[in-house]
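Enquirer: What Swiss-Prot lists as disulfide bond is 3-22, 17-39, 41-52, 53-58, and the listing cites similarity to another entry.
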């Protein structure tokens, strides 16, 4: 499976993943809104928005 793995508004990059899901985490801090993308569907702390999906590059 292919997931996007670029940070925030960086140009799109992808990585091959062993599992069948991708994630997109979104949160805000003193730098503004931060977006992190990658493989799997991790546990997140309170205050972090998590979206998990199950198709190639679905987390862009």
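Keep in mind that glycine also has a Cβ here, set from the backbone N, Cα and C atoms.
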Enquirer: Taking only C-alpha atoms and a 10 A limit, tell me which of 3, 17, 22, 39, 58 are near residue 52 (disulfide bond). These are the disulfide-bonded residues.
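Expert: So far as Cα distances go, the disulfide-bonded residues lying within 10 Å of residue 52 (disulfide bond) are 22, 39, 58.
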Enquirer: Name the residues of the same chain, 6+ apart in sequence, whose Cβ is under 8 Å from the Cβ of residue 53 (disulfide bond)?
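Expert: Residue 53 (disulfide bond) has long-range Cβ partners 21, 22, 23, 24, 59.
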Enquirer: Does anything in the same chain, at least 6 positions from residue 41 (disulfide bond), have a Cβ under 8 Å from its Cβ, and if so what?
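Expert: Same-chain residues close to residue 41 (disulfide bond) (Cβ under 8 Å, separated by 6 or more) are 21, 23, 50, 52.
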Enquirer: Please report the Cα separation of residue 39 (disulfide bond) and residue 3 (disulfide bond) in Å, rounded to an integer.
Expert: 6
Enquirer: Among 3, 17, 22, 52, 58, all listed as disulfide-bonded residues, which has the most CB atoms within 10 Å of its CB?
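Expert: Most Cβ neighbours within 10 Å: 22.
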Enquirer: Please work out the number of neighbouring Cβ atoms within 10 Å of the Cβ of residue 39 (disulfide bond), leaving out its own Cβ.
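Expert: I count 20 other Cβ atoms within 10 Å of it.
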